Amino acid sequence: MLNQEDKPITSALSLPNSQSSPEETSSVLQIWGKTPLSGHVNISGAKNSALVIIVGALLCSQDCRIRNVPLLADVTRMGEILAALGVKLTQNADVLDIDASHISHTKAPYELVSQLRASFFIIGPLLARMGVARVPLPGGCSIGARPVDLHVRGLRAMGAHVQIDHGIVHAYLTGANKRLQGAKIYLDYPSVGATETLMMAATLADGETTIENAAQEPEVADLANFCRAMGAKIRGAGTNTIVISGVSSLHSVDYSIIPDRIEAGTFLLAGAMTRSEITLSPIIPDHLTAVLAKMRDIGIRVVMDSPKQMRILPSQSYRSTDIETLPYPGFPTDMQAPFMSLLTLAQGDSVISETVFENRLGHVPELNRMGADIRVKGNHAIIRGVAMLSGAPVVATDLRASAALVVAALAAEGKTTIQGLHHLDRGYEHLELKLKKLGAKLQRVQEPSDLEPATPPIESGSLSSPA
Ligand SMILES: CC(=O)N[C@H]1[C@@H](OP(=O)(O)OP(=O)(O)OC[C@H]2O[C@@H](n3ccc(=O)[nH]c3=O)[C@H](O)[C@@H]2O)O[C@H](CO)[C@@H](O)[C@@H]1O
Ligand SMILES: C=C(OP(=O)(O)O)C(=O)O
């Protein structure tokens, strides 16, 4: 099944050349703004699908082939977590082969789980496959308390014993057959992670599980499709009621991950902010409905070239609007920060209300440093449009904040220097290469002594003169 070039994941799932490893926190991204972009962007596989689908492979005791896997720090970490459980992974470009026929450990390492939220979701498949799982409380972006009570309550409803001691969640099954039992579960909030954890757990449970008030995000439906392709019986994924009839085992699969709607939205914003015309593909337009509705609202024109290709047309100015982040199909919280960057340049006042996470406005002081006029009141950001942004040294506080600073920098006068790139590298495959291909002027530098080049780098004919 694998060719000569396949390598173990721990060495092979390397980051793109232009990006640092998460440990290289000293590197910074310099962006010289106000360069119009043009051309085409290839959208990568969805990070949040890839992560949970890799986790879902734990359910299967035969080979899983996963395609369109983005090369991201988070994906590397997730591979390392599975490897620590004794799972074999090999990767060739964007194809990842996972052989979880033999799971030798049921405890996930803290150093890895503490780095990304999705790693906690292994608790569902591990428990279903092995009857026991020990998983540290997860990390991920610091955007709120992010408890795991809904995951735990759901697993308990399915008959698991769950204890939390010294920061480790220990879940186990007792009884003769050590199988989870189907249950009726109502989620107090349509949590993406809890829906995914419980849906995976239920695929191998005894009997039928119903998850009410389930998350409807496309990544949940993608996971369900992956599980179904392995023989799981799941109905209703993508709606608020998911019904899973447990089966005794799952079989081999070859599955391709959906395009990343958040990456696509971020490139649309980069185009809008620089008043450029760019095309994106592949995309699934339905996954971008709320974002496109807001873009249209403020006067940005986006057209479909074909069912999977979108084109943003240049607009000279745009209006303000109000946004409330909500679970899907509402406006995605993961687009809140980059959309705020766009609204800093709109005509008039906008209000963004972040309702999903209680602490996801860390980018506001950084955007203000670039000349934006934003005030925060509780979970609301009041954005007064300004005529221009100006480049400044800024720090990315989380993954989507880093994207917000990149798109703001592309539109700002002069040079922006962004620190905290380990956040960016978690979630955007080849971002710098993709932007350079569109004509953006940017470079990553590793050493503080490199920080002050007078002019942007000249890139193989694509850049003409310094900003
Ligand atoms: C890896 C991954 O897929 N991450 C995504 C996932 O995160 P994640 O799965 O962590 O997000 P959730 O949907 O679970 O969280 C939404 C809200 O529910 C709360 N909550 C969640 C679980 C729980 O047991 N108890 C509880 O109170 C959270 O604190 C938060 O306020 O969905 C978020 C919401 O679309 C996205 O921003 C993240 O990019
Ligand atoms: C918040 C995110 O990721 P995580 O849930 O892993 O922190 C994100 O993708 O924006």
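Each Cβ is built from the backbone N, Cα and C atoms, and glycine gets one as well.
Curation does not apply to TrEMBL; its annotations are automatic.
Secondary structure at Asn48 (phosphoenolpyruvate binding site), taken from DSSP and collapsed to helix, strand or coil, is helix. Note: Asn48 (phosphoenolpyruvate binding site) has non-local neighbours Ala118, Val192, Glu217, Glu219, Ile262, i.e. same-chain residues 6+ apart with C-beta under 8 A of its own C-beta. Per TrEMBL, the feature phosphoenolpyruvate binding site maps to Lys47, Asn48.
Look at TrEMBL and you will find Arg117, Arg146, Pro147, Val148, Asp149, Leu150, Asp334, Val356 tagged as UDP-N-acetyl-alpha-D-glucosamine binding site. The local packing around Val148 (UDP-N-acetyl-alpha-D-glucosamine binding site), expressed as other Cβ atoms within 10 Å of its Cβ over all shown chains, amounts to 22.
Annotation comment: TrEMBL describes 33-434 as domain 'Enolpyruvate transferase'.
Sequence annotations record features per position, and here TrEMBL assigns region 'Disordered' to 1-22 (among others).
Taken from TrEMBL, the feature region 'Disordered' covers 444-467 (among others).
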- Query: Under DSSP, is Asp149 (UDP-N-acetyl-alpha-D-glucosamine binding site) helix, strand or coil?
  - Reply: helix
- Message: If I take the alpha carbons of Asp149 (UDP-N-acetyl-alpha-D-glucosamine binding site) and Lys47 (phosphoenolpyruvate binding site), what is the distance between them in whole Å?
- Response: 24
- Item | binding-site residues (Lys47, Leu150, Val356), the one with most neighbouring Cβ atoms at 10 Å | Lys47
- Out of Asp149, Asp334, which of the binding-site residues has the smallest number of neighbouring Cβ atoms within 10 Å? Asp149
- Among Arg117, Arg146, Pro147, Asp149, Asp334, Val356, which binding-site residues lie by ligand 2, judged by Cβ under 6 Å to any atom? Arg117, Asp334
- Item | Distance from Lys47 (phosphoenolpyruvate binding site) back to Asp334 (UDP-N-acetyl-alpha-D-glucosamine binding site), taken between C-alpha atoms, in Å | 12
- Message: How many Å separate the two farthest-apart Cα atoms among the UDP-N-acetyl-alpha-D-glucosamine-binding residues Arg117, Arg146, Pro147, Val148, Asp149, Leu150, Asp334, Val356?
- Response: 22
- Query: If you draw a 10 Å sphere around the Cβ of Arg146 (UDP-N-acetyl-alpha-D-glucosamine binding site), how many other Cβ atoms fall inside it, taking every protein chain shown into account?
  - Reply: 18
